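Listed in Swiss-Prot for this protein:
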- D8, E58: Mg(2+) binding site (BINDING)
Amino acid sequence: MIYGIGIDLIEIERIKNLQNQTKFIERILTIEERDKLNQYTHEQRRLEFLAGRFTVKEAFSKALGTGLGKSVSFQDINCYNDALGKPCIDYPGFYTHVSITHTENYAMSQVILEKNE
């Protein structure tokens, strides 16, 4: 049974302007996600990855119905890729369906949550 659907869109330029602010990356990305980010050497690909992770966490919190804040933080949401490259989020009590896309200027994510009964 579908519990919630969330979607988020961001201009990559906004992430470009934020990425150098003190602790922005540490606040947004988990340790595993930072390790993945550091594997990318091309600046545009790094920005796409960071923007994608930002939007997927926003979309997840919207699907959960809480938004980011007291109930769930950026650090509570770890997005990783499975063996086939599909983005995944593990969260107790839910099955998640994740989609991340980007163009040169925008990143967008959609998350569908199903209650794990």
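Positions of Cβ are set from backbone N, Cα and C atoms, glycine also.
When other Cβ atoms within 10 Å of the Cβ of E58 (Mg(2+) binding site) are tallied across all protein chains shown, the result is 21. The Cβ neighbour count for D8 (Mg(2+) binding site), using a 10 Å radius and every protein chain shown, is 19.
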